[in-house]
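Enquirer: Before I ask anything, let me first share the structure, which is written out below as structure tokens.
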Amino acid sequence: MKLLLSFALLGLVACQEKCDSQNKYCFPNEVATWTGAVEYCLKNGWKLAVVNSEAKQMKIEGLAKNLPEFKNGKVELWIGASDQTKEGHFVWIANGQPIEYANWLPGKPDNKDGKEHCVHLWYEKAKKLNWGWNDVVCTSKRRFVCERKKK
């Protein structure tokens, strides 16, 4: 039991070490499916990020520039939006609210092959993709951004 608790605490500490204490964003050093990312954030007292304003988008972009992947020219991060319940109707998983602010890449969302229902932020220098949103297959694995829940 002590060992299990120690691992749980290590996971929480690792998440917090990557967080901005003022705005409370976290970039766990993990890769997961979209559902796995939702579960990871919830398990640690967070939520998969709700990017419902340009200010939040800019804050997350600024923080993500500190990730090692950014220096390599490519970052993909799950955020908490999906249209799994109703095709074409993207909502925030944390509160069920429809997306009002969005930063879709040109031509997105496109639900390629009828299988893309989860949203990620995508930065890729070589392709000139500058933090736009893209719909992708939910079972693909990538890093993610959690946001501390309001108390």
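Just so it is clear, glycine is given a Cβ too, placed from its N, Cα and C backbone atoms.
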Enquirer: Regarding the disulphide bond with Cys138, report which of Cys41, Cys118 Swiss-Prot records as its partner.
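Expert: Between Cys138 and the options Cys41, Cys118, Swiss-Prot records the bond with Cys118.
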Enquirer: Using DSSP, would you call Cys118 (disulfide bond) helix, strand or coil?
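Expert: Strand, per DSSP.
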Enquirer: Please spell out the DSSP helix, strand and coil residue counts for the domain 'C-type lectin' (25-147).
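Expert: When I sort the residues of the domain 'C-type lectin' (25-147) into the three classes, I find 31 helix, 42 strand, 50 coil.
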Enquirer: About how far apart, in whole Å, are the alpha carbons (Cα) of Cys146 (disulfide bond) and Cys118 (disulfide bond)?
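Expert: Cα to Cα, Cys146 (disulfide bond) and Cys118 (disulfide bond) are separated by 15 Å.
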Enquirer: How does the model score the domain 'C-type lectin' (25-147) in terms of mean pLDDT?
Expert: 96
Enquirer: Which has the fewest other CB atoms in a 10 Å radius around its CB: Cys118, Cys138, the listed disulfide-bonded residues?
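Expert: Among the disulfide-bonded residues Cys118, Cys138, the lowest count of other Cβ atoms within 10 Å belongs to Cys138.
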